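Q: Here it is: the structure, laid out below.
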Amino acid sequence: MFRISWQSSVEKKQTFARRQRAKMNARKLLQLVALISVVAIAAALSYNPIVQNTKLGLDLQGGLHVVLQAVETPDRKVTQEEMQQVHAIMEQRINGLGVAEPLIQLEGTNRLIIELAGIQDPDKAVDLIGKTALLTFRTADGQTVIEGKDLKEAKEALEPGSNMAIVHLTLNSEGAKKFADVTRANVGKQIGIYLDEDLLQNPTVSEAITGGQARITGYGSLEDARRIAMLLNSGALPVKMEMVEKRTVGPTLGAESLEKSKAAAMIGVGLIFAFMFLYYRVPGFVAIVSLILYSVIVVGILTLLKATWTLPGIAGFLLSLGVAVDANVIIYERLKEELRAGKTLRTAIEDGFQRAFTTILDSNVTTLISIVILYYLGTGPIRGFAVTLGIGILTSMFTALSFTRMMLRSAGGSGLFNNKKLYGA
């Protein structure tokens, strides 16, 4: 009687334990499905916003790359303050072109790099960038009587009646007074209006002009007048700049580079996914899901930062993807070692991650130090490469050490993937 009762009690406990394990397995399986679903939904929902807001650099969509250098003499060296003024003036000029996300960057002590992606008229942009834009009014004997500092505003307009394009000039109070004195003293004589050394107009003064207003005529279109007005409003450069490098990338070549980059990325990612799944099996599938999440996070962050994608940037992303794969490989090799040592799946997962953590952290910190050096010592494309790689490495540490662990715990606890062969062991 006692033996039967004892057996009945043991059977109840075993039945209860089986039910608890079944519930636990079901919860882990549900958790695994939920994690995969979250990644799939995130990838699907983020695709269109990312594609629509992706900005391409000039090497992927065509554009203009210009390097300007300040002209120095033995008697006069260019100061950092003057180069900052050049940067600000160029920024104002280029904004008038309507170019999205231009790159305007100082290099060294006397150079300025300008990149305009997707510019429709490179020659017009070069003409706008290359001018010092010093406005002067000169008398017949060559004396400068009005300068750009006397100008308050320049505005393009159509002349009433003739509909000819003109540039309307408004002088400040000091300039208006000087202009009135000069025109009063030069009635019947010519006063030339110059932009740098180009004569824009050489009108004859008929009477004293006291209102502080002047106009420049003779433009073939309103667009030509707008370009001159833009130059005058941005102000003259404090130093003369000469163009030492000019490179134009056509839209066809840019599109070809983009298509080749897409093809290379798809082939590379496809081969990585195939290798991970065939070699590591269940962990390989987990790695694929983790890498998809990694890609969504990295591209999403770069899109939110309004980063411009260039060939070096794409290289940085693909390299960081390789780093993310490397982190998964380190984890899975440690996991296989633990399983071969006879440990249970749950213990092997925990110990494998614990052993892999130090290796992953050391290698990534070393790479991040190199990235910081690249960023501070590099220029445009190099900095883009460094930023993309840095964001990718930090994201890979998150996905590999947290998300991948969660998925492996869920897979191992679901009861469906307990065979060690499914983990390559």
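Here, residue 1 is simply the first one shown, and the rest follow in order.
Glycine residues also receive a Cβ, built from the backbone N, Cα and C atoms like all the rest.
Got these off TrEMBL a minute ago, pasting:
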DOMAIN    83-141  domain 'Protein translocase subunit SecDF P1'
DOMAIN    143-239  domain 'SecDF P1 head subdomain'
DOMAIN    240-405  domain 'Protein export membrane protein SecD/SecF C-terminal'
TRANSMEM  263-280  transmembrane segment
TRANSMEM  285-305  transmembrane segment
TRANSMEM  311-335  transmembrane segment
TRANSMEM  356-378  transmembrane segment
TRANSMEM  384-403  transmembrane segment
Q: So, taking each listed stretch (263-280, 285-305, 311-335, 356-378) in turn and counting its Cβ pairs to the transmembrane segment (384-403) that are under 8 angstroms, which one gives the highest count?
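A: Out of the listed stretches, 311-335 contacts the transmembrane segment (384-403) most.
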Q: Mind checking which residues reach the transmembrane segment (311-335)? Cβ under 8 Å, same chain, six or more beyond either end.
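A: Tertiary neighbours of the transmembrane segment (311-335) are 57, 59-60, 257, 261, 265, 268-269, 272, 276, 280, 283-284, 287, 290-291, 294-295, 298-299, 302, 348-349, 351-353, 355-356, 359-360, 363-364, 367, 381-382, 384-389, 391-393, 395-397, 399-401, 404, 408, 423-425.
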Q: Within the domain 'SecDF P1 head subdomain' (143-239) only, compute the mean pLDDT.
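A: The answer is 85, the mean pLDDT of the model over that range.
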